[in-house]
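First up is the structure itself, then whatever we jot down about it.
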Amino acid sequence: MHSDITPIHTHKKYWAECFGTAPFLPTSRKEMDALGWDSCDIVLVTGDAYVDHPSFGMAIIGRLLEAQGFRVGIIAQPQWQDKTDFMSLGKPNLFFGVTSGNMDSMINRYTSDRKLRHDDAYTPNNEGGKRPDRATLVYSQRCREAYKDVPIVLGGIEASLRRVAHYDYWSDKVRRSVLLDAKADILLFGNAERALVEVAHRLAEGEEIAQMTNIRGTAVNLAAEPEGYTIIDSSRIEKPRKEAFIPPNPYEVETQCETKSEEPKAQPITIRPSRHDAATTAVRLPSFEKLQNDRILYAHASRILHLETNPYSGRALIQRHGNRELWVNQAPIPLTTEEMDYVFGLPYARVPHPKYGKAKIPAYDMIKTSVNIMRGCFGGCSFCSITEHEGRIIQNRSQESILTELEEIRDKVPGFTGTISDLGGPTANMYRLGCSDPKAEANCRRPSCVFPGICNKLNTDHKHTIDLYRAARQVKGVKKVMIASGVRYDLAIESPEYVKELVTHHVGGYLKIAPEHTEKGPLDLMMKPGMGTYDRFKEMFDKYSQEAGKKQYLIPYFISAHPGTTDEDMLNLALWLKKNNYECDQVQNFYPSPMCNATSMYYSETNPLKRVKYKQREDVPVAKGDRQRRLHKALLRYHDPANWPLIREALITMGKKYLIGDKPGCLVPAEDMDARTPAQRRKSGRHGANRFATKHTSTQPGFPGDKANAGSGKKPTRGGQSNSAPSRSGSATGGKHPQRSGANTGGKSSGGKNSPRAGGRNQPSRAR
């Protein structure tokens with residue numbers, strides 16, 4: 001039923017390949033004239049500045065289409081108030097490609113408290129206000145005004161995660177699919193190189209875009225159900241008919257899947273195939289109109305959507321919007337290693353477009369010496385949308401391709417000092433890891449390969465990553481290779497050799513990891529491992545740091561106000577932080593970004609990880625009110641005097657007044673401490689001079705075990721890694737990694753290179 005899969009580098013090139021490769025894709029008529037072009041075949045519109053680097057989505061898309069023989073122009077950060085800028089390159093021969101940029105525009109522009117940000121890391125000089133709210137919609141409208149008959153193709157992280165009816169945090173309601181609101185012709189979701197190349201070539205051959213309804217990784221707006229498909233109705237919460245295949249609960253791991261059986265023959269793992277061919281079957285989701293007023297039904301719809309993300313066994317989705325049908329095709333087939341090498345081996349200039357002059361683009365400065373080695377994540381964290389965008393199957397580059405890029409950085413990046421800032425991706429240590437059983441992988445519906453335990457079919461051998469690190473250190477001109485992507489420590493402890501290699505050679509003083517919480521309730525809903533796993537990793541980290549003769553520290557990150565977190569849970573986390581002498585300045589308040597499971601929990605106050613019924617469901621406590629969200633954030637920053645009044649009030653309400661005072665076990669001081677100066681508070685023993693933010697602090701005066709170091713004032717050596725990094729676009733649709741729903745409330749929008757996650761800790765796409 002679906003069109004055949006063709007390797008993206010084997011298509012016959014379009015006739016315009018004779019124009020060759022442009023130093024930079026043109027952004028003006030003058031640049032087009034210099035290249036000898038009379039028109040553009042494709043015009044890309046993006047909310048980011050144009051940086052010709054594979055960490056920026058439009059650079060990947062532009063160079064990929066150029067390699068297919070098309071003439072591609074870029075309109076970067078246009079004035080959106082009228083159509084003038086959208087006509088600056090003339091009428092495209094084939095289509096407009098529209099994206100908000102590497103981040104969802106709403107997350108880029110607003111904090112998790114819905115406050116306007118005043119900076120933008122993807123804009124020259126970090127200037128805010130250069131893109132509109134809901135940029136995908138606005139840009140599409142202006143393209144339609146400019147040239148009414150030109151097809152509009154949507155892509156990027158904003159479009160990808162809003163492809164179906166979705167809860168929108170900023171308007172606090174369920175919105176329609178962005179495809180219908182934008183009145184575009186087709187939407188590409190996920191890593192869309194394969195779909196984009198097919199759309200471009202079929203348009204070039206004269207096919208109408210309205211006929212392209214069967215391309216994987218696309219969503220289209222139809223008048224009626226397409227013919228030739230069996231539609232399974234899942235639009236209501238009820239017991240399905242007998243003929244409807246219901247897969248086993250993928251969120252519950254059977255014993256034989258989690259641990260190897262002593263008698264494999266006695267308890268074999270069998271793959272139960274669907275009774276319906278995935279290629280000719282679709283699942284009907286509840287209509288947009290029903291989801292608007294039924295939160296429980298929304299949780300059900302979210303659950304169904306997440307069950308259909310496997311590119312091999314997942315089925316198409318159909319959803320009614322008024323009198324129209326939204327048709328979402330199956331997920332795209334992951335790129336092969338050869339295709340990944342092709343995409344990342346395109347002739348990127350690796351610098352911003354010359355029109356920006358000497359203006360600094362923070363996102364570029366953060367990733368100009370980093371390398372994306374893979375895509376995808378099988379961690380399945382509920383606050384993260386990586387599975388819904390990039391997929392669970394890891395797409396790897398070859399070691400040769402990665403080493404070649406290191407040499408390009410050495411030769412092309414101005415001011416290169418010999419330090420590579422990162423070799424990573426959504427996570428640092430999933431390179432060439434995956435399921436050892438192809439048949440199981442093709443049929444698996446589990447959202448995570450590592451929760452609640454590591455699947456025994458998962459290959460956890462880090463040999464390829466270790467070999468890559470060692471080879472990278474041998475590249476001529478490379479003096480130091482750092483790892484800035486978040487380490488998935490539950491995987492790392494399965495390979496002590498990897499931890500030793502990492503700690504000995506690739507940590508610059510601090511290593512970022514994300515336990516996210518300490519309490520079982522929130523951790524289970526986050527689908528994160530318990531603190532016992534963290535403790536095991538910390539022991540290994542400390543051991544190998546000592547063996548290497550280095551003083552190195554872990555930087556643990558935590559989320560406040562995540563669905564399922566009670567005031568008591570946050571208090572216990574605060575007490576754990578105090579006991580372990582951590583003081584967090586970059587606090588991550590939960591940010592409900594589109595499509596992730598945690599956002600469904602936030603909106604529905606129900607757990608979509610389990611079967612959802614009206615009378616039988618698991619209710620989830622959610623911190624929605626501003627005051628409770630402020631309290632949860634304040635408890636993470638228990639050391640800040642500005643938060644003490646709110647914490648005191650909460651402790652009294654909770655019957656925990658004994659935690660107020662100056663005794664070692666107290667969380668905050670009594671009220672008379674508020675009147676003291678910072679120097680007086682330090683002298684009183686509440687805060688030692690050796691405190692430093694969001695880092696592992698040495699023992700502080702006033703806390704147990706402080707005698708050896710009290711007042712030492714010593715700090716560990718700082719590493720060379722920034723806590724901020726932009727999204728590196730592994731996605732052909734405009735963003736490397738999807739947003740994680742945990743976001744920094746400090747107002748920064750600098751873009752996280754390590755993960756969808758939008759706004760999170762100043763990092764729009766961190767993955768865990």
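Placement of Cβ uses the backbone N, Cα and C atoms for every residue, glycine included.
Feature annotations, courtesy of Swiss-Prot:
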type	residues	note
BINDING	Cys377, Cys381, Cys384	[4Fe-4S] cluster binding site
COMPBIAS	679-689	compositional bias 'Basic residues'
COMPBIAS	719-731	compositional bias 'Polar residues'
DOMAIN	363-640	domain 'Radical SAM core'
REGION	674-768	region 'Disordered'
Neighbour tally for Cys377 ([4Fe-4S] cluster binding site), based on other Cβ positions within 10 Å of its Cβ: 29
Local confidence of the prediction over the domain 'Radical SAM core' (363-640), expressed as mean pLDDT: 95
Per DSSP, three-state class assigned to Cys384 ([4Fe-4S] cluster binding site): strand
Number of other Cβ atoms within 10 Å of the Cβ of Cys384 ([4Fe-4S] cluster binding site) across all protein chains: 32
Other C-beta atoms that fall within 10 angstroms of the C-beta of Cys381 ([4Fe-4S] cluster binding site): 30
